[in-house]
Amino acid sequence: MSSEEMLYAKGSKIWIPHAEDVWESATLEESYLKGASSLKILCESGRQKEIKLKTDGSDLPPLRNPAILVGQNDLTTLSYLHEPGVLHNLRVRFCERQIIYTYCGIILVAINPYADLPLYGPSIIRAYRGRSMGELEPHIFALAEEAYTKLERENCNLSIIVSGESGAGKTVSAKYAMRYFAAVGGSESETQVERKVLASSPIMEAFGNAKTTRNDNSSRFGKFTKLLFKNNMGVMYLQGATMHTYLLEKSRVVYQAQGERNYHIFYQLCAARAKYPELVLDHQDKFEFLNMGGAPDIERVSDADQFNETVQAMTVLGFSIQQIADIVKILAGILHLGNIEVTKKYREGTDEEDSEACEIFHNDLHLQVTGDLLKVNSDDLRRWLLMRKIESVNEYVLIPNNIEMAQAARDALAKHIYAKLFQYIVGILNKSLNNGSKLCSFIGVLDIYGFETFEVNSFEQFCINYANEKLQQQFNQHVFKLEQEEYLKEGITWTMIDFYDNQPCIDLIESRLGVLDLLDEECRMPKGSDESWAGKLIEKCNKFPHFEKPRFGTTSFFIKHFSDTVEYDVNGFLEKNRDTVSKELVSVMGLSSMSLCKQVMALEEVDTLSTDASKTTTLGGRVVISAGRKQQLNETRRRVMPSKQHRKTVGSQFQESLASLISTLHATTPHYVRCIKPNDDKIAFKWETAKIIQQLRACGVLETVRISAAGFPSRWVYPDFYVRYQLLAHRSQIDKTDMKQSCYHIVKKWIQDEDKYRFGNTQIFFRAGQVAYLEQVRANLRKKYITIVQSVVRRFVHRRRYLRLQCVIRGLQCYARGVLARRRVQKMREVRAALILSKYARGWLCRRRYLRLRHSVAGIQQYARGMLARKRFFEMRDHHRAVQIQRFVRGLLARRAYQKRRRNIIICQAAVRRFLARRKFKRMKTEAKTIKHMEKKYMGLENKIISMQQRIDELNRDNSNLKLKTSEISVLKMKLEMKKNLEGEFKNVKAACLDKDKLIAALNKQLESERDEKMQLLEENGHSQEEWQNQKQLWRIENEELRRQIDEMIEMAKNVEVNQRVHAERMLTEIDNKELNEAYQRAIKDKEVIENENYMLKEELSRFQQQNGVTDYHHSRSVSNASSQNDDDIGYASAKNTLEISRPPDLLTKSDSTSIVVKLRSILEEEKLKHKYLQEQYFKLASRNKPTEDSFRVSELEVENEKLRSDYDQLRTSIKHGVEINELNAQHAALQEEVRRRREECIQLKAVLQQQNQTMRSLEPESLRVNDSHNIHELMEAFQAQKLVNRQLESELKAITEEHNSKLMEMTQEIERFRIEKEEMQQVLYKSLDEYDNATMDTLKQNDRYLRMELKKAISQYLLVQDELKLANKKLNAYRQDGGKLEHKLEEEVSRSKGKTAEERDRSDVGANVTKQKSQNPQGLMKFHSGDLDKILQRLLSNLTPRTVVGLLPGFPAYLIFMCIRYTDLTNADDDVRELLSKFVMQIKKMHRTPHPIEYRVIWLVNSITLLNLLKQYGDVEEYVKFNTEKQNQQQLKNFNLFEYRRVILDLIVNLYQALVMQIQGLLDAKIVPAILNNDEIQRGRQAHGMRNRTSSMDSSSPEHGNMPAWKQLISQLEHFYKQFQHFGLDNCYAEQIFHQLLYFICAVALNCLMLRGDICMWETGMIIRYNLGCIEDWVRSKKMSNDVLTPLAPLNQVSQLLQSRKSEQDVQTICDLCTSLNTAQVLKVMKSYKLDDYESEITNVFLDKLAEKLNARQMHKNDEFTMDQKFIQPFKVVFKYSEIKLEDIELPSHLNLDEFLTKI
């Protein structure tokens, strides 16, 4: 069977052409036989078809690639390299797996997804850093990484060429490439250079990008960006960048097609018009240059936000505020220039239109605004828009423009201004990006148009396609070169590959008498036109094979490009090639008063690209072309521009720039990115086959495939080929030690033609289709072997099923018979039981029926009786109520009859009385008419008239007097108002005085309480003195008794007889020893009591000294500010007065009493000498520290001064009121007398107290009884310490005295000033009172204002004094609280000393055999000098080696540093402790910032944690000291509160932890992927099929480099770190946190690599991960770490289970339940990248959709990132741990060489 017959067997997949989809998949319905003329196929659509074939089989349809090769990362690795195979591979990756990047040899194919994908975050950048191209999934970062790695390794220049049609994503790809270079060339946190490089993108997009019908952000210019790198210590750092632009589409400024926009910056400016009202902008639809396309908005894009981003980026890149403002004005001027209206002009005096001229009104708003914004003369601008200047032989002629020519001139000026502005902005960007550094290597990123072909193609498309021809030629040469180099490297024989050379097409364009040469020649012709140029083209270029003339007409021509034949329309070629603008308009713009406008117009178009190419250090250039908005007649176009043009044409400039660009690319190592646009509708992941295949042909991808297919496209490394195809050879031909020979046997057996393959040094090369053939053979063999295995397994399964069935049937029969027998017995039992049950049931039913009946009858009777009783009750109640109603009704009727009768009687009485009254009235009326009655009536009227006249006269006199007094009312009212005001002020002052009186009363009470306290203190001192005298008398009596007893014992010893010497001596010794011991014990007790009393007196003395002088310190202190401490404080051991008594052993031996007495006398003499010495020293200290009466008077004077000031202020406030002056003066005098009396009393009390203290001190030395000679040395040390303390107190007292004296002087001067001011005020007041009577109203008002002003001044001063008084009261309260704390502490120390005395007495009774030696009591202090701190820290930090630390106590340096801190606390040295801790922190920070071995970081992490715990344990925080012993509580810091330093050290610990973890992660990084993802049982370095001879970063760490598997290497590394943690004393809780972070890092690295390597996403990888993770988990459990350490591995565990799980629609819920630690993006990424085995079912889109829906329904944080953050570090938790180590037990090792600097106390 031939290979064709095997490959074209029935069921094989093939490709057939399709009208719409280009290619369609089909299946063979019959096998192909050699010589057959037809084939029956079944199309994918379901229809059957028969295709015709040639008999030689040359036109067989292309085969589909095997399933293993579908979805490959590299298109050149496909077995069948043809167009449908490439297209299908891209479609599977793009549509099904949603992978947008694919390699095609050295090309990176990028398909625009039209969706935001999480592919460009910092984690992805870190994943690709250091990885070879092909090792991970294809990505723009992989291409950039290869370029950057080559730059680092070879220090050469490189370039990345990004091409594609508009909307394919060229700009985005170039931007992400530059972002990658900025990140790896600087840092992920952007530095200044990286920020500038990235900030240039928004500016260039705003000024150079626009919306087109194909792309919302299309680049309308070419850009070549050079990123400059400088080599610094082997690392390439980004130093700057330069940017060169070309082919700017100027015509877009004045014309846009339907559905397109102008450049983004114009719309952004209109959106932000509110910020620039001076620009007079309006909505974008109001401007002619912006409303042509009819699509002013872009979906989901805010122009206002984009404008803010653009301005911010310009600020970053060095644009000043003035520059930005001027640029904005120029842009606004261009918009207003387009709105200048050109109208028709009529001949003068007639209505006839002048067709040769036009008109612009002088008052045109946009004309004026344009002139104002650009600061040019609007009249000149109008003039040269309406006129043009033509040069004749000897003169210039002005000719008017018609409407079309004026509009063309206006548009040409707008395009010219924008092009110059664009050039200026690029220049500013280059200045900002390039810092002028030389000798820099660069990586160039070229963003260029792809091949373009439209219905109407003009000059722009011609230039673009010409550039693509040149780039394609360079690309073909580079691909061919790499292909041949690959064959040479592998050492295989090869023949020259024939590839397409497009040099003839390039010659057609740029050779002599070519297209460009003829175009320039026609432009120089005076009457050149597009038609004449087209005729010359047809005549001269018809000889070129790539040129075709049109069938009809001469207005177009055809050029056969490498991708397609394009028809170009000649209309507008000459105009666009000339690109002229009116010189006069340019001159008008050049005369602008705006500096930026003048500077922009003065720029020259210099072709820097060719200049930089010759220098080979920089590269640049810019060529701009334009297309006319409206095609006009050639004659009209020629009349617009000047007749002479001496500058280069656009075509020649572009040709030179392109030549220099190609030479630059040839001088670099190029990398290629081909961007593909999948559809024109901008729909995410929509695939249009016809459009994509056209782009693949145009961008050179298929040409690369053709070149690869011409050679050996399929390449396998020997280990991979062996693993895949070892099944094809007999085991006798397999040699695992020589894989190359094994592969040779496999290939020779199945491929007979030797030209179909080649054996290289490291790879096997196959012709196209051979790998597919081997795959078919492998599939057939596997099917054969699987059939055999299945037959055996099925026989085994069926036989086992039969045996099981037989055993089951026998068991069933046995159990069935038993069941039937048991059922029969059970039935008999049930019958018998039923009879018994029925008997009892019937009885129970009858009984229940009777009981129910009886219960019912009783209930009925009960309710019946109740009903009858209630009925009788209701009848009786109703009868009673009826009786009551009758009673009330009868009473009502009786009352009504009574009232009616009484009313009738009253009516009768009234009628009788009315009759009698009428009769009396008539009688009186008749009497009044008589004369006698009238006389009687007027008899006294005359006298009344006379009296009234007199009264009127009196009233007139009173009225005149009242008028006089009314005139005085106004004056009195004014005086009254003044008096009221003064009275109100007086009330306020009086209220203030009352408050002051209350304050004085409170102070008096306080003073009384203080005096009572002092009297109580004197009484206590008196009682204590009496007790002291009594105790002293008792001691004297006991001493006399002791002497008497000693004398008696001596006499008794002399009178003993000689013959009874032995017995008597023994008896006498026992008696004497007993009595002497008792006496001696009593003496010791007395001595201890005296010492305690002495110590209490000293403490009281120190308390009084503290009250006399209190100073402030910088640190927070404890309650005791004194320098002396209690005897239990080990920091002051040298100042203790308690003397330890050790009894001589001679007293307990049997010796004579004479020796005892002699020894007692010697002890007594020593004690007397010591007593005398101490007494002298004590008197000296007492005299030095004795407070004098002057100091008391000074303190009292201060109090008096404060009182005088307050009283004086009160006097000033009340002096304005004469009524209260005497009262206040009397009160002030009384207060002064009281204060003087109390001050004298305080002075006397203090003097008495001082005298009592002196008396107690004089008695104190007599009580000292010491008996050890070595105690003298201790007393000397105590004396020196006390001396230091006294000196410090003297200095503090001196400072306080000087301060008090200065304050006293100031207060005295102030009192004198107040007194003088008081006298002056009194004089002024008295004078004003004398002049009051003669003063006018104005004078009184002036005096009133003056008094008010003075009153306000006095009130403000009074308030200030009151505030000072409050502060003084607060200080007094604080001092009292401190005094109370000191008294409480003194009582505690006294009680503690008494308790210790009792313990020592008990110990003295028991331990009588202690030998006499010098007492040593280490106190846990390290004495040092501040000048030696640097040397101490250097030897502790820098010179301390790990070998030395292992032999020390864990955290030993921390203990030493803390003991030094305690010494500074003892000496109260603020500066020393600050310097010690600051230098320690600085040294540790310096250490963790510089590279150090891991051991040092672990050591100082342990010591920093230990030091933090010690500061907490011996600090003042209650929660940390509760576990301390009594000794440790005594050793707490007394004077310093180091809370701030604890926080600093905590931050230092976190930094050390992060540096340690990052360093360990760096060491583990290279080992993780081989240890987790590689199968160590098959020790091989598997390489992906798409790596194409690229080195793998995993090779150095693969198992091939050592006998130990990779996972064992990783665990051994973790074991090494674990042992280091154990050796250096790191607690387990911290070690677990570090390993928790390390396991997270291992999971992140492995998971990220798995996500970015689709070739290993298969079932086998899941098994490998599960095994390797199990080894790590076993190691963690063997170290007895908590299970929380393993939680970071959960995502990786779930990925391994996901790879091994079933992937059908029924398993969706199972997968969701399984992947609890994986987000939706990660699960879908694994599923889409999963590589199916030959017999696995395909993963359908329905399954993926259901899975995505289920995953999104979970209650999880939405995250689109499928990678984990490798840089994330878990927070470090520092836990307090109590230390049981005693500070006094720590000794300083000699090998640390610190003895000369540190001294243990």
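The backbone N, Cα and C atoms fix where each Cβ goes, and this holds for glycine too.
Unlike curated entries, TrEMBL annotations are predicted automatically.
TrEMBL lists GLY164, GLU165, SER166, GLY167, ALA168, GLY169, LYS170, THR171 with the feature ATP binding site. Long-range Cβ neighbours of THR171 (ATP binding site) (same chain, at least 6 residues apart, Cβ-Cβ under 8 Å): GLU205, ASN209, ASN217, SER219, ASP447.
For 924-965 (among others), the entry in TrEMBL reads coiled coil. Looking only at the coiled coil (924-965), the predicted model's pLDDT averages out at 73.
Residues or ranges marked as coiled coil in TrEMBL: 1000-1107 (among others).
The feature coiled coil is assigned by TrEMBL to 1194-1241 (among others).
Positions annotated as coiled coil by TrEMBL: 1279-1324 (among others).
Under the heading compositional bias 'Basic and acidic residues', TrEMBL lists 1385-1405.
Under the heading compositional bias 'Polar residues', TrEMBL lists 1410-1419.
Among the features that TrEMBL reports, domain 'Myosin motor' is placed at 70-779.
For 1478-1753, the entry in TrEMBL reads domain 'Dilute'.
Feature annotation from TrEMBL assigns region 'Actin-binding' to 658-680.
What TrEMBL lists as region 'Disordered' is 1107-1128 (among others).
Taken from TrEMBL, the feature region 'Disordered' covers 1385-1421 (among others).
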Tally of residues which DSSP labels helix, strand or coil - the region 'Actin-binding' (658-680): 9 helix, 8 strand, 6 coil
Fewest other C-beta atoms within 10 angstroms, as judged across GLY164, GLY167, GLY169, which are the binding-site residues: GLY167
Those binding-site residues listed as ALA168, LYS170, and which of them has the most Cβ atoms within 10 Å of its own Cβ: LYS170
Nonlocal residues around GLU165 (ATP binding site), in sequence order (Cβ under 8 Å, 6 or more apart): ARG214, TYR449, GLY450, PHE451, GLU452, CYS675, LYS677, GLN695, ALA698
